[in-house]
Amino acid sequence: MLKRLSIAVAGGLLLASTMAGCGGSDDAGSSGGGDDKITLGFSQVGAESGWRTANTKSIQESAASAGIDLKFSDAQGKQENQIKAIRSFITQRVDVIAFSPVVESGWGTVLKEAKDAGIPVILTDRAIDDPDTSLYKTFIGSDFVAEGKKAGDWLVKEYEGKTDPVNIVELQGTPGAAPANDRKAGFGDVIKADPKFKVVASQTGQFTRTDGKAVMETFLKSQPKIDVLYAHNDDMGLGAIEAIEAAGKKPGTDIKIITVDAVKDGMTALSEGKINFIVECSPLLGPQLMDLVKKVQDGQTIPQRVLTEETTFTPEQAKEVLADRKY
Amino acid sequence: MTNLIRHRLFWPIAVLVVLLASNLVFSDNFFTITLQDGHLYGSLIDVLRRSAPLVLVALGMTLVIATGGIDLSVGSVMAISGALACLLIGDLSNPDSTTKVLLVVGAAIVLCLVFGLWNGFLVAVLGIQPIIATLILMVAGRGVAQLITGGQILNVHSSPYRVIGAGYFLSVPVSFLIAAAAVALTVALTRRTALGLLLESVGGSPTASRLAGIRARRITIMVYVFAAAFAGVAGLIYSSDVSSADSNAAGNLIELNAILAVVLGGTALTGGRFSIAGSVLGAVIITTLDITAVSVGVPVETTLLFKAVVVIILCLAQSATFRAKVFGRFAAKRTVTA
């Protein structure tokens, strides 16, 4: 009896937690787009990183300041939650739907429903692989290949006029993730023009600090000479810095470090000279998104691909902007 | 010779030796240990240092599995303990005070004990199946950790806290010493007292144990508390290693690695018999495998396949049935031709 009761209680708990998970999209249904205000339904991937949190904040804040009614739903990293959220946006007849797809594939059906309902869709930050580009109005986000190229350009410039071979180790992101693939490809394209650049080892650090440190520790022991580290995000670079310091070397001097993202911790290390160069991958695409939403609503034509406004940082530039870095 | 091969730990040790030896082929200085800034430095030291969290988690998992249970929540408990410690240290007026950091570490472990009690309560008192009972904390615990860190990576600058995961005592990595102490404690408790016997009897049959006068319920709760405490310490090592708490990545999927370590070490998931030395060996093999993949330069896309192949070979080698089938046939053929 006790056993059965407890299972029921546990089941109830689980049920309650799943219901709480969907809550975001449910209570968004309170008001449809009745008044003149534009209603934007936005489905976020989740809250898996500081980058993502800053992305969410940017969208919420810029929606408020642009006078757009935002229906926000958190998919908690699950595609089915996201599809549910998009369906509920369609039922509520929002004016525009925007979302960061959790995965690349499987969006055809639900986006077709949105299209049939006459609701324009904007993809943010991540692309989908559906060949039918009429399913969405535009895709706004970073160009990861360009980020890799920027990293490579800096390296080429840094070693201009020198002929000694440059041994590079690379910390890749999660295998298969678009940012990892593209940042690797862009970087490789630029440096392959000069045979002195040689990627001697390239392994995944899973975008995390711990794995970045662990892999760098092994690189330091298995590679006789490392001149440059290229990490696909700041966190792996920060972990690698610890490994380099533990090996009695000076990060930024003995081994030059290039990373991508420009989160606050990375910028701090950059300003201290432990990182030499950071390519920005900005999560603050809220204002640009709201602008696009308004244009779509006005029936203006917008380009199929919009790039996020991004820059690169050297240690000097990092010192200047560090104080008001938001994320 | 056959006695040696039949020994429970023969195959795990053989695989470990082969792994280490294969490293030597690819990097000549793999076995070199030098003194760097007053501490030991080298690939073998990395193996010891980096095995520590998994050894701790696998120890707790061994005890839980010995009672026929399983604990899926260890990864989340790791995340919580690291997150709480980093949060509290961030609030300290003087994060370099050793006493205060010790208090914080104590608080984090106490919280983990509470989570262990909760798991034990669900399993032993309410009679929920262990896989379901600990699944609740596995899912909810990650949420708790994210709540503590606010979804961000918490950074701390505290030299005493750093010592746990990245520090050295008498040139030896502190994390290794912690893991070694935990192993010694567990061995002493289970092999020098009757506790090991009681664990095995509860794992064999809780009902029979109870009828024989063993307080099965109390033993069951205790192993979950142990598992959570060890996971908590592992979480502290993990977060201290990089002086930050990442509630998403900390302990992610470590429960599966720990279960694998226990199984590689020859403990049956059905409960009853367990081998602490085997689990420790299993954990060291998994860590060595990770390091070997990087050191040998296995391409990223095939790293998981590489690990899978090694694990499968080890599991097949350990299976007496498999050995009998394959080698038995060869033996039979040989007699025919002769």
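Using N, Cα and C of the backbone, Cβ positions are placed for all residues, glycine too.
Note: TrEMBL annotation is automatic and uncurated.
TrEMBL lists B:51-70 (among others) with the feature transmembrane segment.
Taken from TrEMBL, the feature transmembrane segment applies to B:77-95 (among others).
Per TrEMBL, the feature transmembrane segment maps to B:101-128 (among others).
According to TrEMBL, the transmembrane segment annotation covers B:135-154 (among others).
Among the features that TrEMBL reports, transmembrane segment is placed at B:166-189 (among others).
The transmembrane segment feature in TrEMBL is assigned to B:219-238 (among others).
Annotated transmembrane segment per TrEMBL: B:250-269 (among others), in sequence order.
Beyond its flanks by at least six residues, the transmembrane segment (B:276-298) meets 8-9, 12-13, 15-16, 19-20, 22-23, 26-27, 30, 43, 46-47, 50-51, 54-55, 57-59, 61-62, 183, 186-187, 190-191, 257-258, 260-267, 306-307, 310-311, 314 of its own chain at Cβ-Cβ distances under 8 Å. Taken from TrEMBL, the feature transmembrane segment covers B:276-298 (among others).
What TrEMBL lists as transmembrane segment is B:304-324 (among others).
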Most Cβ pairs under 8 Å with the transmembrane segment (B:219-238), selected from B:51-70, B:77-95, B:101-128, B:250-269, B:304-324: B:101-128
Contact call for the transmembrane segment (B:135-154) against the transmembrane segment (B:304-324), three or more Cβ pairs under 8 Å: no
Residues from the same chain, set at least six apart from the ends of the transmembrane segment (B:101-128), whose C-beta lies under 8 A from its own: 69, 71, 73, 77, 80-82, 84-85, 88-89, 92, 95, 134, 136-137, 141, 158, 160-161, 164, 216-218, 220-229, 231-233, 235-236
In contact by Cβ distance (the transmembrane segment (B:250-269), the transmembrane segment (B:77-95); 3 or more pairs under 8 Å): yes
Top Cβ-contact partner of the transmembrane segment (B:51-70) among B:166-189, B:250-269, B:304-324 (pairs under 8 Å): B:250-269
Contact set, same chain, for the transmembrane segment (B:166-189): CB under 8 Å, 6 or more residues outside the stretch: 35, 38-40, 45, 48-49, 51-53, 55-56, 59, 62-63, 195-196, 226, 230, 233, 237, 240-243, 276, 280
